[in-house]
Amino acid sequence: MQRANLSTVSEFVFVGLSDAPEIRLLLFVLVLLIYLATVAGNITLLVAISTDSHLHSPMYFFLSNLSLLDLLCPTITVPKMLGFLLLEHKEISFSGCLFQHFSLIAVVGTEIFLLAVMGYDRYVAVCHPLRYPSIVSTKLCAQLALGTWAVGLLNSLLHTSLVFTLSFCGPNKIQQYYCDIPPVLALSCSSTRSRELVILVVAGVLGSSACVVTVVSYIYILLEILSRNSPGIWHKAFSTCGSHLTVVCLFYGTTICTYVRPSFTYSPHRDRVISMLYGMLTPLLNPIIYSLRNREVKCALRRVISQV
């Protein structure tokens with residue numbers, strides 16, 4: 001009985017962003033440039049943090065984890081999409097789709113919890129500056145980082161097992177350029193209602209929990225700023241939290257635009273474009289945001305570029 005439930009589909013076919021040759025070439029060049037800029041920006045930031053002793057602090061430790069995630073996220077999907085655009089090879093094996101799905105959900109889930117951890121780090125830095133070194137110790141940083149990666153991987157394992165143990169015996173065209181949950185579920189020839197409910201509940205609980213931690217951290221930061229009411233406190237707090245707050249708004253904004261919308265607004269072509277912005281815009285802008293808002297990062301980046 002268990003063998004009968006396994007997939008009879010050996011490969012999936014992606015529906016590309018455009019079938020017009022001239023549009024595909026333009027998209028290929030645009031996507032390639034964005035991807036190279038994303039890789040260069042995040043690798044440069046990682047090198048700057050690892051080589052500059054001034055950046056060996058909890059905030060930059062978490063930032064290096066964020067840069068690693070922003071490096072992995074487009075790498076999971078973009079090279080395959082470039083192949084679709086240039087070579088028109090739109091097929092992906094069942095196991096390849098499973099691996100892509102697992103990797104992407106793991107990276108996105110880890111980033112959600114990492115942003116929450118970074119929000120807590122900023123709360124301690126603003127509200128308990130004198131106790132910051134003792135509270136956010138090296139051991140705690142390592143535990144929090146490992147915890148975010150572990151939760152992201154376990155969450156992805158659950159989602160992937162729920163999706164890819166379904167039966168796939170009919171159409172195999174995915175209305176997307178990567179193996180996302182909704183278009184893959186739509187291809188299943190077995191009932192998906194109960195599994196969709198489990199996925200929604202788990203994603204809702206975990207996502208809302210991380211969001212609540214981030215929001216509560218900034219509520220406490222705001223209350224602390226209002227209670228002090230000292231000259232220059234707003235500028236100091238914004239310089240401490242501005243970059244992270246901008247990244248959080250960008251991440252949740254693009255995520256909501258991609259997934260949290262009424263079903264009647266879904267359009268396959270528009271959803272592919274929105275997903276592309278979600279998967280490529282945030283990883284590209286995150287290192288730029290932290291570089292523009294942080295003087296220490298600017299100095300470290302100048303040193304790295306001058307050495308190169």
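A Cβ is built for glycine as well, from the same backbone N, Cα and C atoms used for every other residue.
Keep in mind the model is a prediction, meaning the values are calculated, not measured.
If you check TrEMBL, you get these features:
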| type | residues | note |
| --- | --- | --- |
| TRANSMEM | 25-48 | transmembrane segment |
| DOMAIN | 41-290 | domain 'G-protein coupled receptors family 1 profile' |
| TRANSMEM | 60-78 | transmembrane segment |
| TRANSMEM | 98-120 | transmembrane segment |
| TRANSMEM | 140-158 | transmembrane segment |
| TRANSMEM | 197-221 | transmembrane segment |
| TRANSMEM | 233-253 | transmembrane segment |
| TRANSMEM | 273-292 | transmembrane segment |
Long-range environment of the transmembrane segment (25-48) - Cβ separation under 8 angstroms, sequence gap at least 6: 17-18, 55, 63-64, 67-68, 70-71, 74-75, 78-79, 81-82, 85-86, 276, 280, 283-284, 286-288, 290-291, 297, 300-301, 303-305
List, by number or range, the same-chain residues at least 6 past the transmembrane segment (197-221) whose CB is under 8 A from its CB atoms? 109, 112-113, 115-116, 119-120, 122-123, 126-127, 151, 155, 158-159, 162-163, 181, 237, 241, 245, 248, 252
In the same chain, residues at least 6 away from the ends of the transmembrane segment (98-120) whose Cβ sits under 8 Å of its Cβ atoms read 59, 62-63, 65-66, 69-70, 72-73, 76-77, 80, 92, 144-145, 147-149, 151-153, 155-157, 159-160, 163-164, 178-181, 184, 206-207, 209-211, 213-214, 217-218, 244, 247-248, 251
